[in-house]
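Listed in Swiss-Prot:
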{"type": "ACT_SITE", "residues": "Cys116", "note": "active site, proton donor"}
{"type": "BINDING", "residues": "Lys22, Asn23", "note": "phosphoenolpyruvate binding site"}
{"type": "BINDING", "residues": "Arg92, Arg121, Pro122, Ile123, Asp124, Leu125, Asp305, Leu327", "note": "UDP-N-acetyl-alpha-D-glucosamine binding site"}
{"type": "MOD_RES", "residues": "Cys116", "note": "2-(S-cysteinyl)pyruvic acid O-phosphothioketal"}
Amino acid sequence: MTYLEIEGTNHLSGNVAISGAKNAALPLIVSSILVKNEVKINNVPNVADIKTLISLLENLGAKVNFQNNNALLNTNTLNQTIAKYDIVRKMRASILTLGPLLARFGHCEVSLPGGCAIGQRPIDLHLLALEKMGANIQIKQGYVVASGNLKGNEILFDKITVTGSENIIMAAALAKGKTKLLNVAKEPEVVQLCEVLKDAGLEIKGIGTDELEIYGTDGELLEFKEFSVIPDRIEAGTYLCAGAITNSKITLDKVNATHLSAVLAKLHQMGFETLITEDSITLLPAKEIKPVEIMTSEHPGFPTDMQAQFMALALKANGTSIIDERLFENRFMHVSELLRMGADIKLNGHIATIVGGKELNAADVMATDLRASSALILAALAAKGTSKVHRIYHLDRGYENLEEKFKGLGVKITRLEE
């Protein structure tokens, strides 16, 4: 098992280039199932989750060439509609293949998913929506077994669901007739999926709102143009927090600040200033790091995927911060590890109270999920001494070239074998 050794530091400086968004690339790669031509996708991050998804598509018969952050996908050779447990267990997003496979072939089997151990994350919203579109769904021996010809319908999501929205948008693309989706997720990653489908000729109205109308092609495959994945707003937010926790000036390149409005607003409340251009954000040090109150919610609210990083940052604030996690239960697993470093954090259900301004000390800590592991790295940057972060396979699922990027900012960080 590998781990990261990180030396605490008072200062970062320099530029960091932000990679393509993993959470945008995953549904975009899956959407190639809806397509008759070879698809070229640029700015695809080279992270473990992407490699898992590519191996799943290859297992279904697709031809994929992935190098230099560019993916060439040909799904004309698909000869399988069973997404096997061996691959799906590694990553929850594999469930995204359910809608497109069913829409294209009229039947499929997808193993119930694995991935981050955060809460229950049920997929029943996906299944209920597909049933409303005429699918016959059964759960057999750990697999979702789906069949039927999909027809458009009006579907209201009881809860906002990002992967659920993406799954049903893709299913509706090849369904017969109009599908109206209500309470759709508005995340930038969902918006890009809709825009790519629209560029391919699909009639889709309401992009960027919580109501979509999709006029399905009744089984006729789409033709995609070449496109690039949007920048990763969560990676960008993580590096902004790295600059903030060391109260340093750093610049993010290849970033879209409009996707980070809620994160930037909280940094400004904490006393930091930013200089923003069309594709860069420069973070300027704060005279005093102030405490903050955060409540996670769906986009355009504060993203749950940035909650752990801001908890680490709040440890440096002069006062008491409150974080209210509204989206997932069991998403405070990083707290016990931060306590090992001297953090003063109290939990009451889904609310965390963080008393800042206390010295952090280096420690051996263990990552529990993707975003929690980035919080531990941030805390290690602010701690006195050299910390070791274990189970970093979580980080490799979502952060591209993490050590190289941190080294470029002046961090002493080394990957070692246990």
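Each Cβ is built from the backbone N, Cα and C atoms, and glycine gets one as well.
Given the structure is predicted, the values throughout are model-derived calculations rather than measurements.
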_What are the sequence-distant neighbours of Ile123 (UDP-N-acetyl-alpha-D-glucosamine binding site), meaning same chain, six or more residues apart, C-beta distance under 8 angstroms?_
Ile95, Leu112, Pro113, Val144, Thr163, Gly164
*Look up Leu125 (UDP-N-acetyl-alpha-D-glucosamine binding site) in the DSSP assignment and reduce it to helix, strand or coil.*
helix
*According to DSSP, does Leu327 (UDP-N-acetyl-alpha-D-glucosamine binding site) fall in a helix, a strand, or coil?*
coil
*Between the binding-site residues Arg92, Pro122, Leu125, Leu327, which lies closest to Asn23 (phosphoenolpyruvate binding site), Cα to Cα?*
Arg92
*About how far apart, in whole Å, are the alpha carbons (Cα) of Asp124 (UDP-N-acetyl-alpha-D-glucosamine binding site) and Lys22 (phosphoenolpyruvate binding site)?*
23
_Assigned conformation of Asp305 (UDP-N-acetyl-alpha-D-glucosamine binding site) - DSSP reduced to three states_ = helix
_Winner by Cβ contact number (other Cβ atoms within 10 Å) across the binding-site residues Asp124, Asp305_ = Asp305
*asked:* Using a 10 Å cut-off on Cβ-Cβ distances across all protein chains shown, tell me which of the binding-site residues (Lys22, Arg92) has the largest neighbour count.
replied: Lys22
_What does the structure give for the C-alpha distance between Leu125 (UDP-N-acetyl-alpha-D-glucosamine binding site) and Lys22 (phosphoenolpyruvate binding site)? Integer Å is fine._
22
*Please determine which of the binding-site residues listed here (Asn23, Pro122, Leu125) has the lowest count of neighbouring CB atoms within 10 Å.*
Pro122
_Between Arg92 (UDP-N-acetyl-alpha-D-glucosamine binding site) and Lys22 (phosphoenolpyruvate binding site), the C-alpha gap once rounded to whole angstrom_ = 13
